[in-house]
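A.B. asks: I'd like to ask some things about the structure below.
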Amino acid sequence: MPATHHSSATSAERPTVVGRIPVLDVRPVVQRGRRPAKAVTGESFEVSATVFREGHDAVGANVVLRDPRGRPGPWTPMRELAPGTDRWGATVTAGETGTWSYTVEAWGDPVTTWRHHARIKIPAGLDTDLVLEEGARLYERAAADVPGREDRRELLAAVDALRDESRPAASRLAAALTPQVDAVLARHPLRDLVTSSDPLPLLVERERALYGAWYEFFPRSEGTPHTPHGTFRTAARRLPAIAAMGFDVVYLPPIHPIGTTHRKGRNNTLSATGDDVGVPWAIGSPEGGHDSIHPALGTLDDFDHFVTEAGKLGLEIALDFALQCSPDHPWVHKHPEWFHHRPDGTIAHAENPPKKYQDIYPIAFDADPDGLATETVRILRHWMDHGVRIFRVDNPHTKPVAFWERVIADINGTDPDVIFLAEAFTRPAMMATLAQIGFQQSYTYFTWRNTKQELTEYLTELSGEAASYMRPNFFANTPDILHAYLQHGGRPAFEVRAVLAATLSPTWGIYSGYELCENTPLREGSEEYLDSEKYQLKPRDWTRAAREGTTIAPLVTRLNTIRRENPALRQLRDLHFHPTDKEEVIAYSKRQGSNTVLVVVNLDPRHTQEATVSLDMPQLGLDWHESVPVRDELTGETYHWGRANYVRLEPGRTPAHVCTVLRPSHPQIGGSHTT
């Protein structure tokens, strides 16, 4: 669509694509404006555009946000991001939830143009009276649009001074360039030839879509010595400890009846015994499907009790939604058209090479897409009626993107607070598109990014333009993934990855047992756990671990506390990396308003590393020559840091510094590590 501008043009004039003042390449933009950019309530983000005009006259620009009712808010002035680039930007802040829009307005700035000429001509004595009269007329025009009496009086006083022939020309000009006049014109600039970009959509969602700490656990493992298989009632006893560690979301694997046909045994064996509990993702049996509770976990009333107890502790429930079936699911006989049938009439089981899932049937989506979408929405709404507002969707990349777009639009159309997390470890294009069509959060490649270069490159990508549509959830481990870094690095590796996940991403999580540093693989070279909880009950002695000091729960608790106390860690976009002289040491900072957090991590879980951290002081909101006290929030120590700083990080003792930058008024209570 063509840009629009406000002028005295007649209706016979044809609109142009560019507009009178060109406004080009407005960002953020998602799928050329077909999908909304994303933010959460209170989140700040940059809107930028290329703005210029013919000749040498000055231009200005501003951003206008319109709320879900279409009402424009106060516009935000933009600035040229780098001199001579014509790239303008401004930071705006999202308001209430809903669908907003934003536009960039560009305009000719006659006052700035006049000031530039006047500063040259008046000292040179060129066209003095004419130049001053031009200024007076511009200021009169500007004053006419100023609503406040005091501000208008300030500009009119400048007009009088410009026309006061009893004063020297330099004095008349100076009266029009005072800080007071500047302040009024900054609030109420004189704008000519205002040209607006096309509006772009902005979806503002609740904060949990961006920020939170997740804890995954299997309720069935929370039994008692007399009744090993846990229920929702026994699992609810674990909730206070989870809340005490500072988590916000409790994520449950599927809670539905588990099939018996081709049931997997321990460690993924193909021959299950009568005591094997099966894989929760093999959903469905004669006892019910996706809308039913596994009888061994209890009843729907027991689930409601679990949700209620979680809510009392400030915990939300995230429920796994795996759109697949065991061979025993009621759908297999009721809806045969929903499955792939081979020439011999059998149904093909699921595969994700090299993994095979003989106990699971995948869904075929093209024979009855309407029926599948209707049933999916019904199931989701069933669990929403029982207090679930977050769904972790299993392998959405193996289903049609259009299907998810339809389902999420239906749910969020009436319940915009419901959050969908895409568990899709797949190609970048698919992951990006799933985020763009509605998934509020995404799993990421974080597990496989372990070196300084890998982390820097990946987080630079995630915190850049991708942040306008894709929100990462950094799980440090999952029931499926035990990375070699954790297998071979021991407890220090678990500490390092927890610090990275909790401070790099506003949303992070762990799967139960991470705090105990469980790291025995199924076999060398495998990322599967030995005695994986996917296939068996796994009771843990939390009390003994705390008593013997074999848990890193205190570190996890401290990290979540730091996140809650520091707004900088609850956002993604303002992330900057700082140079260090060791590949094993990574440094980065985050800022939100006056809150700045600086993190330095030893990526080597086996060896002590010493390094010099060279801080980019302007990125911390400081001048290059300044030094400030920083408090390590992990230890309580305070250091005085400047541009170059020595650090010594010892695995098992000091895996990292997580520092808040203090203002000079804060007392220094520790030694100086400045070099």
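Sequential numbering from 1, following the chain as shown.
Glycine too: its Cβ is placed from the backbone N, Cα and C atoms.
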A.B. asks: Of the candidates LYS121, LYS264, LYS452, which does Swiss-Prot annotate as part of the alpha-maltose 1-phosphate site that also includes GLN324, ASP359, ASN395, LYS534, TYR535?
C.D. replies: LYS264
A.B. asks: Which Cβ among the recorded positions (ASP359, ASP394, GLU423, ASP480) has the fewest C-beta neighbours inside 10 Å?
C.D. replies: ASP480
A.B. asks: Taking the Cβ of LYS264 (alpha-maltose 1-phosphate binding site) as the centre, count every other Cβ atom within 10 Å, in any protein chain shown.
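C.D. replies: Result for LYS264 (alpha-maltose 1-phosphate binding site): 25 other Cβ atoms within 10 Å.
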A.B. asks: Taking only same-chain residues 6+ apart in sequence, whose CB is under 8 Å from that of GLN324 (alpha-maltose 1-phosphate binding site), what do you get?
C.D. replies: TRP281, ILE283, ALA350, ILE360, TYR361, PRO362, ILE363, ASP394, ASN395
A.B. asks: Validating a neighbour-count step here. Other CB atoms within 10 A of the CB of ASN395 (alpha-maltose 1-phosphate binding site): how many?
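C.D. replies: Total other Cβ atoms inside 10 Å, all chains included: 18.
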A.B. asks: At the Cα level, what's the spacing in Å between GLU423 (active site, proton donor) and TYR535 (alpha-maltose 1-phosphate binding site), rounded?
C.D. replies: 20
A.B. asks: So what sits near TYR535 (alpha-maltose 1-phosphate binding site) in its own chain, CB-to-CB under 8 Å and at least six residues off in sequence?
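C.D. replies: LYS264, GLY265, ARG266, ASN267, ASN268, THR269, ASP276, VAL277, GLY278, VAL279 - these are the non-local Cβ neighbours of TYR535 (alpha-maltose 1-phosphate binding site), listed in sequence order.
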